[in-house]
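Student: Straight from TrEMBL, here's the annotation block:
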TRANSMEM  6-30  transmembrane segment
TRANSMEM  42-62  transmembrane segment
TRANSMEM  74-93  transmembrane segment
TRANSMEM  105-125  transmembrane segment
TRANSMEM  131-156  transmembrane segment
TRANSMEM  163-185  transmembrane segment
TRANSMEM  191-212  transmembrane segment
REGION    230-253  region 'Disordered'
Amino acid sequence: MGVVHTLHFVFGIFGNATALFLFLAPIITFKRVIQNRSTEQFSGLPYVMTLLNCLLSAWYGLPFVSPNNLLVSTINGTGAVIETIYVLIFIAFAPSKEKKKISALLLLVLTVFAAVALVSMLALHGSKRKLFCGIAATIFSIIMYGSPLSIIRLVIKTKSVEFMPFFLSLFVFLCGASWFAFGLLGKDPFVAIPNGFGFGLGTVQLILYAIYCEKKGFTKKSTFDESLTTGNVKSHQEEKQSSNNNKSKLEQV
């Protein structure tokens, strides 16, 4: 039993470390967003869903909700702060339509978290509180891990991983694996189930990265080449039209 408890603690610490790297991995992406003053084709959905997951998981890990899960609470509380910064930056540089969409989702996220916290505190106690908060955290953890599916579709469609950052995929894999083991050792299905899903999804992302990594930047290059070609065609047409006009004037003279 002592070995299991030790392993449980070790995987919790490792889970904290990998989760922190997972939360910090998008810094590269947001540096690009700030430099270009545009969110380009990056999706804001994963960051909003991660924020909600962090808030609910941090709440679930508190001692008065579920015992022996303080490591879950501390890292997710930290993650909630980091993800809030990401979401605000995304909203600041997103196109008007995307800005409204992500702002509405952020409001929805805060509303859902407030509702879960209030109901669990005012209407539920003991095991019922843990069950209610655990189910809520599990549902939105799965949604969080599933949010990059739109990017996966883009990768398969364009055969490019430009908009699926490698380190984000890597730490989804490592974080999911760590907390999956933590949940199994602690016999906590509300930790094991969603993170097992994340572990599987992270594996899929790494496989896709291995397949398409040599074609990174294909989307951007294709768009550039297309616009360049279009511009050349347009210039050529204008030049031809101008030549024809000059020829007509000469003939009239």
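For all residues, glycine too, the Cβ spot is worked out from N, Cα and C.
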Student: Using a Cβ cut-off under 8 Å, which residues of the same chain at least 6 positions beyond either end of the transmembrane segment (131-156) come close to it?
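Tutor: Contacts with the transmembrane segment (131-156): 41, 43, 45-46, 49-50, 52-53, 56-57, 59-60, 65-66, 112, 116, 119-120, 124, 163-164, 168, 172, 176, 188-190, 193-195, 197-198, 201, 204-205, 208, 212.
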Student: With a Cβ cut-off under 8 Å, give me the same-chain residues at least six positions beyond the ends of the transmembrane segment (6-30) that come close to it.
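Tutor: Counting only partners 6 or more residues beyond its ends, the transmembrane segment (6-30) has Cβ contacts under 8 Å with 42, 47, 50, 71-72, 74-76, 78-79, 82-83, 86, 89-90, 165, 167-168, 170-172, 174-175, 178-179, 181-182, 185-186.
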Student: May I ask which of the stretches 42-62, 74-93, 191-212 has the most CB pairs under 8 A with the transmembrane segment (105-125)?
Tutor: 42-62
